[in-house]
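S.K.: From Swiss-Prot, for reference:
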{"type": "BINDING", "residues": "72-77, 106-110, 130-131, LYS143, LYS152, 170-173", "note": "NAD(+) binding site"}
{"type": "BINDING", "residues": "GLU185, HIS248, HIS264", "note": "Zn(2+) binding site"}
Amino acid sequence: MKSIGLNLSGREYKILIGSDLLAETADLLKQAIPCDRVVVITNIDINRLYGKKLKKHLESKGIGSLFLELPEGEIHKSLDMASHIYPQLINHFAERNTPILALGGGVIGDLSGFVAATYQRGVPLVHLPTSLLSQVDSSIGGKVAVNHGGIKNIVGSFYQPRLVISDISCLKTLPEKEFACGMAEIIKSAAIGSSELFKQLETNTPAIKDRSPEIMEDIISQTAAIKAGIVCQDETDRGIRNILNFGHTLGHALESTSSFSQSHGAAVAIGMCFASRLSVKLGLCENETVLRLEKLIADFGLPTRPQDIDPEKIIDAMHHDKKVSDGRIRFILLKRPGEPLIAENILRADVISILEEMK
């Protein structure tokens, strides 16, 4: 098991990464939060895979549990769904010291975090991420949010968990499409934070696709450490944390304009290709960087170009993004793997030009 610590203005928590950690949840939980009951928020599929075993494990350690099973999908990450959860917490007498355990992927983590942040002005939150994307990205850093009015993550806050337990054994049951989506965030982290990790992904693609436990624990730990290091420098996304949005400016617009039928990982993959091409157009990086990035993305079964888009609608969606500042769309561009930069004064014509080029 590997442990990564985050220290945020005196608040500390750990990200634990290893095999079969769900079977150790109670002991790990008690070390962080003394408790005798918890609320577990999950979805139908994850509950079927892990819910019964986790509930039995918690009970064997003297921890009672209420499991709330939600529908699957990004469309349910909403204020309506949060409003569905609050009465159940009230009816079961969940208190301010009753931890909420988010058992699932990014949607469950974001929604559970939002509920934990707002119920009784904040209750303890523990992430049990079961998807690759949530293990390397969404469970780390304290961003909690729901979608509203067709806009991705427009209602939310920063609310740090008390503990993250990433059981890489859960990746065995992850569908190929979801595994690829998680790889998009790993590629993103390598592109902005580590040329060495980028090379490692290029070199070890077959073993990673085979989900070798040793390699997965290593690259998940490296990716989590990259994000943790950035978050510790800029918890509330006012400066350097912006670089974690590489690929996300276009990515979120693609998700929103598709009514969230476009997966997050696929949208980010396309967004990274767009941002790297824009970087070349602006003379910031060599075309070789684009070729390496697009090949790596394609090698993991992710798209490199958008399908059936209207550039004007995409730009309008970008203007609703929370990364907009003073009316200017903020892009994270790339000089080379490991060297990102933040840019705001990008001409609309250049954005449209690259979108047309990629159609």
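Every residue gets a Cβ built from N, Cα and C, even glycine.
In the displayed structure, how are the listed features positioned relative to their neighbours?
M.R.: Take the CB of ILE75 (NAD(+) binding site) and look out to 10 A: across all protein chains shown you find 13 other CB atoms.
Counting every protein chain shown, the Cβ of HIS264 (Zn(2+) binding site) has 25 other Cβ atoms within 10 Å.
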S.K.: By CA distance, which of the binding-site residues (GLU185, HIS248, HIS264) lies nearest to GLY106 (NAD(+) binding site)?
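M.R.: Looking at Cα distances from GLY106 (NAD(+) binding site), the smallest one goes to HIS264.
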S.K.: What is the set of residues, excluding GLU185, HIS248, HIS264, whose C-beta falls within 8 angstroms of the centroid of the C-beta atoms at the Zn(2+) site?
M.R.: LEU133, ASP137, ALA184, LYS188, GLY247, GLY251, GLY265, ALA267, VAL268, GLY271
S.K.: Determine the most Cβ-crowded residue among the binding-site residues GLY106, GLY109, using a 10 Å radius around each Cβ and all protein chains in the structure.
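M.R.: When each Cβ's neighbours within 10 Å are tallied, GLY109 leads.
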S.K.: Spatially, which candidate from the binding-site residues GLU185, HIS248, HIS264 is nearest to CYS170 (NAD(+) binding site), comparing Cα atoms?
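M.R.: Result for CYS170 (NAD(+) binding site): the nearest of the binding-site residues is GLU185.
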S.K.: Can you tell which of GLU72, GLU185 has the least company, meaning the fewest other C-beta atoms within 10 angstroms of its C-beta, among these binding-site residues?
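M.R.: Least crowded of the binding-site residues GLU72, GLU185, by Cβ count within 10 Å, is GLU72.
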S.K.: I need the CA-to-CA distance for GLU72 (NAD(+) binding site) versus HIS264 (Zn(2+) binding site), whole Å please.
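M.R.: Cα of GLU72 (NAD(+) binding site) to Cα of HIS264 (Zn(2+) binding site) measures 14 Å after rounding.
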S.K.: What is the nearest of the binding-site residues GLU185, HIS248, HIS264 to ILE75 (NAD(+) binding site), using the Cα of each?
M.R.: HIS264
